[in-house]
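TrEMBL annotations:
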DOMAIN    A:14-119  domain 'Dihydroneopterin aldolase MtpD C-terminal'
BINDING   A:GLU22, A:MET117  substrate binding site
Number of protein chains: 4
Amino acid sequence: MTDADGADEAFTPTDPQQACFEAGIKFGSLYHQFAGTPVSPASARSLERAMSEAIENQPHCEAVRVDVLDERVRDAIDHGAGYTELTGSLMEVEMRIGYGDVAVETRMEMEDGYPLMKLVSVSEGDS
Amino acid sequence: MTDADGADEAFTPTDPQQACFEAGIKFGSLYHQFAGTPVSPASARSLERAMSEAIENQPHCEAVRVDVLDERVRDAIDHGAGYTELTGSLMEVEMRIGYGDVAVETRMEMEDGYPLMKLVSVSEGDS
Amino acid sequence: MTDADGADEAFTPTDPQQACFEAGIKFGSLYHQFAGTPVSPASARSLERAMSEAIENQPHCEAVRVDVLDERVRDAIDHGAGYTELTGSLMEVEMRIGYGDVAVETRMEMEDGYPLMKLVSVSEGDS
Amino acid sequence: MTDADGADEAFTPTDPQQACFEAGIKFGSLYHQFAGTPVSPASARSLERAMSEAIENQPHCEAVRVDVLDERVRDAIDHGAGYTELTGSLMEVEMRIGYGDVAVETRMEMEDGYPLMKLVSVSEGDS
């Protein structure tokens, strides 16, 4: 992946690029670490908190907010099982990543019935 | 897997067998759902609670206690990363499963430097 | 959990109990390790094989067969996304566990629209 | 997160920003979906392939290469267990993401004894 003049070694992403990369890592981590977790309205609060605090451990991750949507969890539970498994359609997630001067806001929300992870803002400097 | 006289259809595990099977399911679930989660002493309490409450949702699971071992977490953190990833050597787990008349106690503990999931007791009736 | 007369130390599960516990561990591990994996008919074969070979690494696990059900995967895919996430309703699983003289067969199958992990047989000796 | 003049609604990331975000998502997904999987030299090939094909299902993901490092896997196995659990130090990963005109190359490699996910190149146009 490097050519003769070593261009590859010299590559340095811009701060906004690195910040967006970091933001994506956190989202993928959160989703695939916790998807499948047994969840009920009674256990939703502790799961929200653990997800936030776990991902906030990762570098450049300033804040994570997870809302497990009790109404949707209830709808997903039937047969008296009393619980379901966490998927993207049962939660809303917002994150703030900081890298250098750059702040990135991301959000997971439903679009056409599908959970979509998206960049909400990328801002440099003190704005 | 069934033979001509349909013996397989007729198979019914004993309550202790089913209880031990259920206990194993909970252990495997807990371990492989949460192993790899970013963890620090600061986030350990919320993770313990979420793990317990998540697995207690599963059928026949009466109680789950998870202790993330802060001292070991601290030892596993270096390079100033501030966090590590959850593995079996960083926690102790105890569970109580009930199936019919049978109560099963299980524990994950270190043995020869390896985390081992084991049956601590299988008791029937009111004992 | 141990009392003065050390009763707890003395507990040894029977081979069938331990075999059923081991069988449960494998099932919970397989399910919660791989649930959530992006899957399509094109990637289903490699996922089946990786799941089998991964869990067969675990102690006392003699054989694992995973069938990802292409028809159901196709039904779960829409919006042109081209893939879905693995859940219990998209696969069938069979396992054989051996512990001492005991062989345990397990199967995950749909029951009332829900994936259910069950003990299919527990047999001792040379049968 | 939106202010009175609806500035937030109007935000559109640049293609390089979105491409880097997508690249991060794939890395976080791959890592946290598969970390913890039981692995041995014998099962490493099927796991590599399943990881690649699973993540290549995700949007904008053009190619994923996973190398499980047999030598390190062997070193991580002891006690005759015959397997270990997948972590970042046991594999090398390269990915290519395409978004619009932008191609992003990423790599996970060891740095100071730690696995680090990094952007290797971000290039626009036909270059």
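Yeah, the Cβs are placed from backbone N, Cα and C, and that goes for glycine too.
Automatic, uncurated: that is what TrEMBL annotation is.
These numbers come from a predicted model, not from an experiment.
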Checklist line | Reported mean pLDDT - the domain 'Dihydroneopterin aldolase MtpD C-terminal' (A:14-119) | finding: 95
Checklist line | Coarse DSSP state, helix versus strand versus coil, of A:GLU22 (substrate binding site) | finding: helix
Next item on the list: Tell me the Cβ contacts of A:GLU22 (substrate binding site) under 8 Å, same chain only and six or more apart in sequence, or just say none.
Entry: A:PRO59, A:HIS60, A:CYS61, A:ILE97, A:TYR99, A:VAL104
Item checked: Three-class DSSP secondary structure - A:MET117 (substrate binding site) -> strand
Note to self: With every protein chain in view, what's the tally of Cβ atoms within 10 Å of the Cβ of A:MET117 (substrate binding site), excluding that atom itself?
What the structure shows: 22
